[in-house]
């Protein structure tokens, strides 16, 4: 039996059914990681550079990454094909699947979230703004045609590894160019780790993914070999540290 965010947020649901639906759409717990990693890395770089940090700058950086992550999460639930895949995989609790939020509304929400992240990034600096657009491109390219990298075997994992592993680290380091030589190899290691563990979300989704040509590792290699790939690649990332 599958449980969605609705079952986990009864208090929010009592306050507002619509707010509960949009919370489920954004998957807020996954955004917390993006926020904390962005803020934490900014604090670390700033303390190495000056021995202190600007909490407002750190929070702003974390928010830009959270907005961009939210835009990608929502966009990945905003197309008819993704809804069909979710139905086959039993994810009927998702708000675009059960009809609480229309696909057009979800796509508009995704665009608003992307723009919020990009505009906040430009508010910090032009370099942050331009790089945030690159992050948004990677997020959208994973889901939307003509790229739809989600369908391309192994490239789908590598694409997400770069998008969620390397790019955020380089993004934060833009204000601290003297630490770019540290950020790049660290981001590379994170990219390998994300490439491996991105697969964890694909287990249990084989029915829908196979029906719509999503070449995830469990679909293409089978669950056992996919686990071996994850284990070996994860060990490689730790070995590089």
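Each Cβ is built from the backbone N, Cα and C atoms, and glycine gets one as well.
Remember, TrEMBL labels are computer predictions, not curated facts.
Keep in mind the model is a prediction, meaning the values are calculated, not measured.
It is 128-145, from the ranges 128-145, 146-163, 164-181, that TrEMBL records as transmembrane segment. In TrEMBL, the feature transmembrane segment is placed on 101-122, out of the ranges 79-100, 101-122, 189-210. Here TrEMBL gives transmembrane segment for one range in the set 50-68, 221-239: that range is 50-68. Under 8 Å from some Cβ of the transmembrane segment (128-145) lie the Cβ atoms of residues 61, 64-65, 68-69, 71-72, 75-76, 79, 82, 114, 117-119, 121-122, 156, 159-160, 162-163, 167-168, 170-171, 174-175, all in the same chain and six or more residues away from its ends. Proximity of distant same-chain residues to the transmembrane segment (50-68), defined by a Cβ-Cβ separation under 8 Å and at least 6 residues beyond the stretch ends, is recorded for 31-32, 34-43, 113-114, 116-118, 120-121, 123-124, 128, 132, 135-136, 139, 168, 171-172, 175.
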